[in-house]
């Protein structure tokens, strides 16, 4: 019931954006977060899972762009026979006219503006184009038009128009944009011999071509040039963290990777240094838990060493390996970082666990707001829920009017230069713990004669020596019972170097009659001031209280009025030697501290400040 209530309350507050009360604040530096990530990596199998075959050969989709995978485009950017082209066509769409303007495969521009299909020897005037079958002639200006001018006989010395205006003219065989001229099929950009053409730089047979195996951009320097990659060793990474104010963290993991593989020129042993970098945002999910989420992940390669077991050209292989690994390692290593951060997120979620508070209650820490990231520390605001064993929630301060606001969490002091973590516990939280003990009756105690050796005999004779009327009513010595009860919740006040606990108690003096009938002699109100000291054992805050002073007030008496001051020394001794040991025994179970990021507070420096108890490591 208690767990269900906490989860429900937390979920409602988180979804509705309600800021819960903060009773505990944890600050950690980047070193603590880095140690938590390193410890998670060492304890998990996340990095060992990378010892497997590396998937290559599909060109690789960047880890950060995995969501934009698309089918292959209809138009490619290969330049085997020109610029952009349709499969089965030679078509220039970028003003690089290999055979003139736009044309189909096998066509050439004639002097009259029509296109000749060179795949067929017979050609006839355009007026009969429609009778020659499809695809023989068409107009360059109008693809739907098939007409050509009728050819006439040439006079002696006359240059044919097809040569003057075609072969030598613009768009002709040798003219600007022609088949052999600049920008033509042989020399133009994207042409047969031009840049990106069949034989040109980057072309089919040129430098970087598919058959230029040893050239830059050849098959050896493509993903297909290396196969069978397998990661055989991955060292535990060296983790470094940089805080990004208002965002999260910048994570860097430096590791060494050993890879085996094969290339066209031999077997490979590859050793590479990898720096995995990730921008991580600190968010809060709908259930109120903080989450570290990768926004971008990259791998930076350095110090690549390639050993060829059989083969030549190591420099060429170095370049190939560098490109291949830069393409595939992000897909392999970045998901591992995501898994590691998921495990760290699980550690953050452990703070929400329900922890027993002795046998009488439990404590649960919940996140009250989105964590704060500054350039110096990460701050986590926690709300502490204290519950009774029966399931009721302790809502401190009890007994106060509901309209009175709770005291706000004070500002934390600056972190010291050598401080990595700082846990601030409010006086409200400590009061809630004592309130739970009070409601369970754990602070109530009955003290009888002989229970504590250091106390004087608790009899009517001892009391009668101080109050004569007691001796008169009970001339025969009878045993007494001192019944101490704490009807109201104690309060904790924290001041500079001083922790004060105020406990209001009632002390009822009861005499036991021979027939087991109990008679009350008097009822005294006792206001006590206790001085508290703190220590840490394991993952618990230990509280030890010491009696400082008492103040008595006689509420009722069955032996007449008397000056209660005469009982002050006796009552103070009873509280010091009986009540305080019993209370400290209850407090001895300790107060559970938040379990988060594997922080060890056992050797923490403890400072008592105004309304704050601060543990620093």
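Cβ atoms are placed via backbone N, Cα and C, with glycine included.
Since the structure is predicted, the reported quantities are computational estimates derived from the model, not experimental observations.
When the ranges 98-123, 124-149, 150-175 are checked against Swiss-Prot, the one recorded as region 'Disordered' is 124-149. A straight line from the CA of residue 275 (N-linked glycosylation site) to the CA of residue 297 (disulfide bond) spans 11 Å. Of all the recorded positions listed (275, 297), 275 has the fewest other CB atoms within 10 A of its CB.
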